[in-house]
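> The structure is given below, and queries will be raised subsequently.
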């Protein structure tokens, strides 16, 4: 029998060593024990996979940019090599996302009770995020499918958060931040993105007195990010004469 506490300890250790693949593997094992995760365990899982997928997303963006430049040069051999390397990174990224999505569907979301609103929103947001990461690299019909799955998860999380969580709750704010990025970057819908971000920011400002001391730092940081995005997006729209964002 695997010792749960040992696995969690290993994940903490791996995080300190910045060995995020090891951290993710340990937290995957914890999740597969099929018992609800504590808040700390939930955060360890999230941080681990965010770093694992983040490295691939970053590599993919760099290689995609090189691929565009190489295509302009017309060097066939180099174009083929760059394309093959991009596809290799894509496969890795997709495997990480599918790993997380299967943990969410088979254990984490499934095991949330009706009243565990915070966990449910946390995991549905995560589901929206990982389908969004798939959408960043997908094309055609495949892209349409993952975009729809991302929208569905974000939308469900958004409804639950509005009904059951304070506007200043960091998980509710973090969801609004990522959902608005989804509208802006994936759906190419800057107006919806701005509306969602502005509403979340304004609702939180109106209830600043409900800010929990423990989450004060987290909440205010996310509010700042919402405001930064709004500033950027509205200036983009003005630059484009009210057109679409350039991401």
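Note that Cβ sites are derived from N, Cα and C of the backbone, with glycine treated the same way.
Just so it is clear, the model here is predicted, and its values are computed rather than measured.
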> According to Swiss-Prot, one residue among 38, 235 carries the annotation phosphoserine; which one is it?
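Annotated as phosphoserine in Swiss-Prot: 235.
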> Based on what Swiss-Prot says, identify which of 145, 168, 210 is the phosphothreonine one.
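Record lookup, Swiss-Prot, feature phosphothreonine, residue 145.
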> Looking at the recorded sites 57, 132, which one has the fewest other Cβ atoms within 10 Å of its own Cβ?
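Sparsest of the recorded sites 57, 132 by Cβ contacts within 10 Å: 57.
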> Just the number: how many Å between the Cα atoms of residue 133 (phosphotyrosine) and residue 145 (phosphothreonine)?
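Residue 133 (phosphotyrosine) and residue 145 (phosphothreonine) have their Cα atoms 13 Å apart.
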> Sort the recorded positions 2, 57, 71, 145, 215 by C-alpha distance from residue 234 (phosphothreonine) and give me just the closest.
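Nearest candidate: 57.
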